[in-house]
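Everything on this sheet refers to the single structure shown next.
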Amino acid sequence: MSYFEHIPAIRYEGPQSDNPLAYHHYDPDKRVLGKTLAEHLRIAVCYWHTFVWPGHDIFGQGAFQRPWQQPGDALERARQKADAAFEFFTKLGTPFYTFHDTDVAPEGDSLRDYAANFARMVDYLGERQQASGVRLLWGTANLFSHPRFAAGAATNPNPDVFAWAATQVCHALDATHRLGGENYVLWGGREGYETLLNTDLKRERDQFARFLSMVVEHKHRIGFKGALLIEPKPQEPTKHQYDYDVATVHGFLVQYGLQNEIRVNIEANHATLAGHSFHHEIANAFALGVFGSVDANRGDPQNGWDTDQFPNSVEELTLAFYEILRHGGFTTGGMNFDAKVRRQSIDPEDLFYGHVGAIDVLALALERAAVLVENDRLDALRRQRYAQWDDAFGRKILSGGYTLESLAADALARGVNPRHASGAQERLENIVNQAIYGLR
């Protein structure tokens, strides 16, 4: 059965085409900085927003009428959902997908049901991957939707909930390994608190760290070679989450000795909620040595919640890609569309429109970022700004050649009187705009 039979495979037709079901800027075979756009972007479609979300919100029931979401045998519906998903991936021409365990398999009424259903669906997903050539960018476990996780999973006050969560992650990591996944993501949606009045912060942090240590141990035991990634988010659904932003996650990992085992998966909308730019979070991840992968979407700065809209800003993404490209690009990570159509976008075509437009935006932004990397104007000015630290005096300070006292004595003896130099922010912003809009 075809779920999108009236929609053709999406092809590159160029910027002059007015076909809404064609790529206008994303030519997967176009080479930029020595790689094709497909190799640079490593695009993935997420299962949850695209095939699981029924179009509901807190004020209304599901607005969609997807065939695979209708009542019926749960496992059969899961197989239909997988068929629809892989038809979608294939027609879109995207090389990767992502999932939560309970996106792809019914949870059932017990932990045994969960394990059995998930095992059957992992077999089926493997068949679909083999037939289509689509690969798994990353898997994860849903440890936030069921009421048992209302007080968290790893940070729950009940150790049986911790054990249930550990079982899910064990199976999901095993499945990711078996399906050839390149990463495994840990998003602590309810690893936080709603009130400090009933929360033991130290205990919950210790529990979370113990859980992560067990995941790391299992990864090595089964021989999984992919990356483990934490996805930072400041709040929602909890008031405050322990993986608030990139810097917070890094500090947590260092505190518990996990900084060499776990990296970050950065979502644009989560950066917005944390009061940061997407650019900031990506740059910070590289500075701290924990960059892993990206969830591509956007939030609404006028809303205080996670809107998960498709990315549409070439300007914002150009700076994000600039950081990624100048640090060598993705390794195991990629650009996963953690984005959903709007509740009123009920037609099957809308799923394609959202992804096609966003993929074109990624392609445009990456090419504009490549201009910034190639012309080296930003980096040249940055190097010039810090050039004195590469001189003998600067190197001596950083290498430990001075104590605080001896440096003070040296400064007094030389009568240092440094002068402020321009930061040239306006010039730098002009350079970015010239690259984005093709002015130079």
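From the backbone N, Cα and C atoms, a Cβ is placed for every residue, glycine too.
Of the residues Glu204, Glu267, Glu316, Glu367, Swiss-Prot puts just one in the Mg(2+) 1 site with Glu231, Asp295, Asp338: Glu267.
The recorded positions considered are Asp103, Glu267, Asp295, Asp306; of these, Asp306 has the fewest other C-beta atoms within 10 angstroms of its C-beta. With all protein chains in the displayed structure included, the most crowded Cβ environment within 10 Å among the recorded positions His100, His270 is that of His270. Asp306 (Mg(2+) 2 binding site) sits 11 Å from Asp338 (Mg(2+) 1 binding site), taking the C-alpha atoms as the reference points.
On a Cα basis, Glu231 (Mg(2+) 1 binding site) lies 9 Å away from His270 (Mg(2+) 2 binding site). For the binding-site residues Glu231, Asp308, Asp338, the largest tally of other C-beta atoms within 10 A is found at Asp338. Here the Cα atom of Asp103 (active site) is found 14 Å from that of Asp338 (Mg(2+) 1 binding site).
Within 8 A of the CB centroid of the Mg(2+) 2 site residues Glu267, His270, Asp306, Asp308, the other residues of that chain are Lys233, Ala268, Asn269, Thr272, Leu273, Asp295, Asn297, Gly299, Thr307, Asp338.
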